[in-house]
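Below is one structure, written out as structure tokens, with a few remarks after it.
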Amino acid sequence: APPPVGDQAGGRKVDCFKYNTTGSAFACTRHERPVCGTDHRTYSNECMFCMLTQNKGFGVRILQDNECDIECTQYSDMCTMEYLPLCGSDGKNYSNKCLFCNAVMGSRGALFLAKHGQCQSP
């Protein structure tokens, strides 16, 4: 099957208005219920996800209701040559986490991890 495109991309949308009760500021609790965004960053809870993604300029969704399998918080433009392959939702193999995270950022959150290891060859 072809990878999802645009609005059909992985993850679920969040109704962030329920957390934005004061009009401009979010009133988030310190309650720990980690969620993983389609930007492959772990947020401490859904409200913090809303607060920190509101100004990203593109729709970050929640990929899963726990910590990310692959964390892209600290990624670099300069990647090493290490080989720890990851399979992206676009069906492409990425040689390592750094290259995968750069592709995630370039896709504006549309790309997500399909599985650890190489994608199956057709």
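Numbering starts at 1 and runs along the chain as it is shown here.
Just so you know, glycine gets a Cβ as well, placed from its N, Cα and C.
The structure displayed is predicted, hence computed values, not measured ones.
Lifted from Swiss-Prot, the feature list:
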type	residues	note
DOMAIN	10-70	domain 'Kazal-like 1'
DISULFID	CYS16-CYS50	disulfide bond
DISULFID	CYS28-CYS47	disulfide bond
DISULFID	CYS36-CYS68	disulfide bond
DOMAIN	71-121	domain 'Kazal-like 2'
DISULFID	CYS72-CYS101	disulfide bond
DISULFID	CYS79-CYS98	disulfide bond
DISULFID	CYS87-CYS119	disulfide bond
Sequence-distant neighbours of CYS98 (disulfide bond) in its chain (C-beta under 8 A, six or more apart): TYR75, SER76, CYS79, THR80
CYS47 (disulfide bond) to CYS16 (disulfide bond) - Cα separation in whole Å: 7
Alpha-carbon spacing, CYS119 (disulfide bond) to CYS72 (disulfide bond), which is rounded to whole Å: 20
Cβ packing number for CYS28 (disulfide bond), 10 Å threshold: 17
Position of peak Cβ density within 10 Å, selected from the disulfide-bonded residues CYS68, CYS87, CYS101: CYS101
Fewest other Cβ within 10 angstroms of its own Cβ, chosen from the disulfide-bonded residues CYS36, CYS119: CYS119
Surrounding CB atoms that lie within 10 Å of the CB of CYS50 (disulfide bond), all protein chains: 21
Cβ-based isolation winner (fewest other Cβ atoms within 10 Å) among the disulfide-bonded residues CYS16, CYS47: CYS16
Nearest of the disulfide-bonded residues (CYS16, CYS28, CYS50, CYS87, CYS101) to CYS68 (disulfide bond) - Cα to Cα: CYS101
Residue with minimal Cβ packing [other Cβ atoms within 10 Å] among the disulfide-bonded residues CYS72, CYS79: CYS79
Distance [Cα-Cα, Å, rounded] between CYS87 (disulfide bond) and CYS101 (disulfide bond): 12
Integer average pLDDT (0 to 100) for the domain 'Kazal-like 1' (10-70): 86
Cα-nearest neighbour of CYS50 (disulfide bond) within the listed disulfide-bonded residues, CYS28, CYS36, CYS72, CYS101: CYS28
